[in-house]
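Colleague: Provided herewith is a single structure, encoded as structure tokens, for subsequent inquiry.
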């Protein structure tokens with residue numbers, strides 16, 4: 001990730017915040033949505049500068065759809081709204097953590113979280129094959 005390329009879409013994001021962001025080659029940063037009161041990770045979306053600006057100023061999560069090439073506000077179609085409680089950058093300024101109050105399902109499958117269907121390692125499992133322990 002690099003901080004030099006600017007997104008091709010116009011943005012009203014505060015210049016100081018924009019200068020700190022390290023974006024992918026296509027001008028995006030991953031945005032993790034986390035339930036503010038439980039800490040449960042809900043989903044991963046993508047934001048460009050304008051999506052982050054809209055998220056910071058409207059109190060609702062706005063993402064950039066890589067497949068559709070357009071902005072989408074979580075819940076506008078489904079009713080499964082994400083109300084923003086806080087927004088933070090990670091230590092490298094290449095990922096955004098958005099703590100939200102999720103109404104309904106976060107996942108497009110209808111599940112509350114996108115991270116519950118394909119668990120690769122569970123609590124209590126060491127992750128090390130039995131022969132190697």
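Every residue, even glycine, has its Cβ placed from backbone N, Cα and C.
Annotations per Swiss-Prot:
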BINDING   90, 92, 94  Mg(2+) binding site
BINDING   91, 107, 114  Zn(2+) binding site
Colleague: If one looks at the chain holding residue 90 (Mg(2+) binding site), which residues at least 6 apart in sequence have a CB under 8 angstroms from its CB?
Modeller: 96, 97
Colleague: Which of these binding-site residues has the least crowded Cβ, counting other Cβ atoms within 10 Å: 91, 107, 114?
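Modeller: Candidates: the binding-site residues 91, 107, 114. Fewest Cβ atoms within 10 Å: 91.
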Colleague: Using the alpha carbons only, what distance in Å do you get between residue 107 (Zn(2+) binding site) and residue 94 (Mg(2+) binding site) once rounded?
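Modeller: Counting only the Cα atoms, the answer is 23 Å.
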Colleague: A 10 Å Cβ contact count, applied to the binding-site residues 92, 94: which residue has the minimum?
Modeller: 92
